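Chemist: Attaching a single structure in structure tokens format; questions to follow.
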Amino acid sequence: MESRGTYQFPFSRYPAVRIALLLIAGILWHSYFQTKLFETVAIFVVILSLLILVEWYGHKRISQQWTFVANLFFMVLIVCFGVMRIAIHATKEVPAIVRLLQVSDWEEVRIKGKIVSISQTTAGKIRWDLQVEETTFGQVVSTYSYKARILAENADQKATLGDEVNLMGTNIPVSGKRNPLSFDYRKYLASQGIHTQIRLDRLLNITPNTNDKWTWLWWREQALELVEQNFSLKTADIAKALLIGYKQDLDSDSKKAFARAGLSHIMAVSGLHVGFIVAPFWIIIPWFWRRKYGKYLGLGFLICLLFLYAGITGFSASVMRASVMAGFLTYGKLFHKVHDSINLTAAAAIVLLIINPADLFNIGFQLSFSAVLIILLVLPMIQSKLPYALRIRWYGKPLMVAIVSLVVQFGLYPLQVYYFGEISLVSPLANALFIPLLGVVVPLSLVAVIAAAFLPVVGYVLNLPSLFFLSTMVEFVQQAATREWAWTTAYLHSYWLFGLWLFLILSIASSKIPALRWKLMNGSLGIACTMLILSLLQQSQPATLRVTYFDVGQGDAALVETPSGKTVLVDAGVWSPGYNSGWSVILPHLTAAGIERLDAVILSHPHADHIGGILELIGQVPIGVIYHSGFSYDSNLYTSSIEKAEEHDIPFRSVSAGDTLGIDPALLMLVLGPDGAIHSDDPNEHSVVLNIIYGESEFLFTGDAGEAQEHRLLGAYKNLLDTDVLKVGHHGSRTSSGTAFLESVTPELSIVSLAERNKFRHPHPEAVDRLGKSGTELLFTSRDKAVILESDGEEIRRVYWE
């Protein structure tokens, strides 16, 4: 960076950087404006024709103006190419059989195909990605090839990569984005080329992959078997991730533990691993120089070697970036070409984006390239400030590793917060302890695994140090993940933070170029001022009440954000083995929305479809108080909730009719039930009924109140029940929403929270008919997804989030 003595960026030294930025601009343009492919191709052809004319005419009349016009057309052409490339990628035709399955949910289908990926859900259930070769659906038989996700928890045989399977299954609809800030599973699968999801009902037969040695799957499976044979049960899964990038066997708790310890990056095969592959070859480069065609043979050999390793590791973004950069570096070394690491990184990005432009939106791509660029830009400035004597000491390498970890963690802060909502505080220490040793362990393990294929005893002996190292590291990670001081939650309050961080990083990188540094610092200050002004403007807006009725399937959960900034959760969604609404819906929403605390949680009654996520929430997010109906109920989930609340010193208070909740002085929160007058063993009839009044707006929450509870409410509060928004009781069952009750409530809008397919067959036609006759507008979370309402105290409006 010392040679950059001007504030004008020398694009001529970094042609790949300029092209990469323009290509990215084109990809982003199409993503936001959805330009049609025909229009893009037409514009591309016109711009290309104009560029050729300008170059031809300008060649005869060389001038600054013609050069400027030619450069302008060239840049526009690159942008158009980016738009065209992502448009072509996005318009890949879905096979007819897949389109048929997409409109035939819950139907039986028979498929044959090859397993190309094996993974497990957060609940530990097995799933396969299948390259389908034959589909039988009713009378239709198709041999068109496509990828399908198989929910294989019912498989009675263990499968491996490359196995041929023949199965009967049920076509399960792929769920899209059901809540405003939730993960879009359908979009994610589509990015993997998967549009169909099938639940395995019966495995007809499975044929092991023993003969097809000309596929990556066979070689990858052989590598996985070698690793599994040479590592202990405790270390085999992490060894697969470390050496081959195979993380499918790691459960969600292990992945979270490594993330909180700041070591999740070691499970992504990257430059560290590729460096070990290239290093021996790099030493013998002079030998290739002395041969007639040695340069070409050497480059070809290395490309094949890198391609083989990338194939075995699954062609991940990090290993592809490192492999492409290694290829460029080797080309420069062999052919005596001058290279620049920043330019090479940009060139690698260009290659990968041309191959698959959708990689730009892949978290692995973003983290990999961002980390490398941050190191290349910032680390030289920091190194120049450290005394040379300090760097050559025995502790110099661990110190530099810790510094690199801090630099990367600082640089990636916005991305980490945006995607994960957590930051590791112990990361510098963990990296300083383990990364230097990985430089020995990884190549030693690779040699040991290869040796074990021929001489098992030799492989075992060579692998003993690696076994000890990995066992120690796993123990450290497990201990660190359980310490509250090892990590912290963080929230992205404004997307402007990305721009601010970019300017700050560039300011540090340009510390030896005063003119550029001051410009960048001024830019940082400008963005910071913009963020402050926008925050002040937002605070000056009229106070509003915001209620989000989540789509949690066959259950209830609603988030109330009060005018004074308080947050109240009314019910906590569903629970089932391996699943709960806390981690799947509510926590992701709170993290993405920047909500750091729940001032109160109201559990209407102790059924699992209303308290399902509370165990997950306790301990993950601070909770001021938990209100409940006071009904005694014997269930493990409810009892565990009470015990865990006590462990975290969260008050667990019962409420009854006549109570008011003083959470926000701008609101009146009236508890209308239960009151003990109903003598029933049914927890539904003892539901907490809550009426929230903000100015002229009223919201009524009825839990799972049935006929008895509604009758009592009519007798006690008939003149107070008139409301604007009704959360319909008991998911629209026949025993709720009686005619007399609806005549008193007279809601303008009624929201029914339920799953599209449920064993209770809710909503009941009679309940829907009564609601329809009352004149209310009906919304179903099964059909309309999550519903967001806002009130300024006078009018209620629906916020459309899709």
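The chain as shown is numbered from 1 upward.
Keep in mind that glycine also has a Cβ here, set from the backbone N, Cα and C atoms.
Below are the features I grabbed from TrEMBL:
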type	residues	note
DOMAIN	554-756	domain 'Metallo-beta-lactamase'
TRANSMEM	12-30	transmembrane segment
TRANSMEM	37-56	transmembrane segment
TRANSMEM	68-88	transmembrane segment
TRANSMEM	263-285	transmembrane segment
TRANSMEM	297-320	transmembrane segment
TRANSMEM	341-358	transmembrane segment
TRANSMEM	364-382	transmembrane segment
TRANSMEM	394-413	transmembrane segment
TRANSMEM	433-455	transmembrane segment
TRANSMEM	490-508	transmembrane segment
TRANSMEM	520-537	transmembrane segment
Chemist: Under 8 Å, at least 3 Cβ pairs, sequence separation 6 or more: does that hold for the transmembrane segment (68-88) versus the transmembrane segment (341-358)?
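Modeler: The transmembrane segment (341-358) and the transmembrane segment (68-88): touching, yes.
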Chemist: Counting only residues 6+ away from its ends, which parts of the chain sit with a Cβ under 8 Å from the transmembrane segment (433-455)?
Modeler: 223, 226-227, 229-230, 239, 242-243, 263, 266, 272-273, 276, 397-398, 401, 405, 462-463, 465-466, 469-470, 473, 476
Chemist: Would you mind listing the long-range same-chain contacts of the transmembrane segment (364-382), meaning Cβ under 8 Å and 6+ residues beyond its ends?
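Modeler: Contacts with the transmembrane segment (364-382): 1, 265, 268, 270-271, 316-318, 321, 341-342, 345, 348-349, 352, 403-404, 407-408, 411-412, 415, 505-506, 508-509, 511-512.
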Chemist: Mind checking which residues of the chain, 6+ beyond the ends of the transmembrane segment (297-320), have their Cβ under 8 Å from one of its Cβ atoms?
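Modeler: Distal contacts: 216, 219-220, 223, 244-246, 268-271, 273-274, 277-278, 281, 285, 288, 291, 326-327, 330-331, 334, 348, 352, 359, 362, 364-365, 368.
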Chemist: What residues elsewhere in the chain lie close to the transmembrane segment (341-358), defined as a C-beta under 8 angstroms and at least 6 residues from its ends?
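Modeler: Result: 13-17, 19-20, 23-24, 27, 82, 85-86, 89-90, 191, 317, 320-321, 324-325, 328-329, 365, 369, 372-373, 376-377.
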